[in-house]
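Since the structure comes first, as structure tokens, the remarks are kept for the end.
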Amino acid sequence: MHKTADILESKNHVESITNIKPTIGIILGSGLGSFADTLEGAVHIPYSNIPHFAKSEAVGHSNELVIGSIGGKNVVAMKGRFHYYEGFTLDQVTFPVRLMKALGVEKLIITNACGAVNTDFSPGDLMLITDHINLTANNPLIGPNNPDLGVRFLDVSEVYNKALRSIVIDVAKAQNITLRQGVYAWWTGPAYETPAEIRMIRTLGADAVGMSTVPEALIARHAGIDTVGISYLTNMACGILDQPLSHEEIIETAEKVKTAFLKLVTETISRF
Ligand code: HPA
């Protein structure tokens, strides 16, 4: 469990660099880190300089906190995130969400690349996460609870905030962007799923599968931050098409959704 003093130390570091007080946080998934470059008057803080942050080496991520403004809102963006499959503990994966809370973040947008399990969906679609299924048998809240940070037994009946979700739906409609809605299943990775595992995941009720988001969303809920999750479906999940999955294909598809994603997220932030 995160320590109050550690969070304070990392907050003090950030606040020694900028006076901007962010109220909205965003975690940027693979290939979409460029959203952070659209923030105005931004400061860039490498994770390696922030006390108690882990060091990340994931491909396609640049590993810095970017704090600036867009649509009249002060935003802190994570350009690059920590994944469980990299070997980080879930405390390390989710520490940045505690920092966001300490900095004043009230609303969080979590984004990710994921595979489409629902065969009505297509690569290139955006999906608003309505709920999740944790398939990993791990949970970032395991361990002694720090009562400064949240409750021991967390209600998770609405991890992805309904009122905020309806704003995202309205924005997508206004922008003529197709926005799917569905359940995200968290798979540890780093291996993708087998065809049999995808059949299992579909049977369990998930529409998409990926290797992130759920730990951060759970900690955000614990911290009292209202969250939405926006996925971009980069591929049909394994076994749906008769072809292997590749990370290159995923990054390529992420590149193609960039324009719609940037539009949707930018307008959403201005209405949050
Ligand atoms: N499975 C798991 N994670 C992913 C996928 C997938 O098919 N695509 C992008 N991230």
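Cβ atoms are placed via backbone N, Cα and C, with glycine included.
These figures come from a predicted structure and were not determined experimentally.
Quick look at what TrEMBL lists:
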- Ser30, His61, Arg81, Phe82, His83, Ala113, Ser212: phosphate binding site (BINDING)
- Glu193, Asn235: purine D-ribonucleoside binding site (BINDING)
- 23-269: domain 'Nucleoside phosphorylase' (DOMAIN)
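Restricting the average to the domain 'Nucleoside phosphorylase' (23-269) gives a pLDDT of 95. Other Cβ atoms within 10 Å of the Cβ of Asn235 (purine D-ribonucleoside binding site) number 23 in total over all chains. Proximity to ligand 1 at the level of Cβ atoms, with a cut-off under 6 angstroms, picks out Ala113, Asn235 from the binding-site residues Phe82, Ala113, Asn235. It is His83, among the binding-site residues Arg81, His83, whose Cβ has the fewest other Cβ atoms within 10 Å in the structure shown. Cα-Cα distances to Asn235 (purine D-ribonucleoside binding site) place Ala113 within 10 Å, out of the binding-site residues Arg81, Phe82, Ala113, Ser212. Annotation note: Asn235 (purine D-ribonucleoside binding site) sits in a strand segment as assigned by DSSP. Of all Cβ atoms in the shown protein chains, 27 besides its own fall within 10 Å of the Cβ of Phe82 (phosphate binding site). Summarising the environment of Ser30 (phosphate binding site), the number of other Cβ atoms within 10 Å of its Cβ, over all protein chains shown, is 25. Ranking the binding-site residues Ala113, Glu193, Ser212 by C-beta neighbours within 10 Å puts Ser212 at the top.
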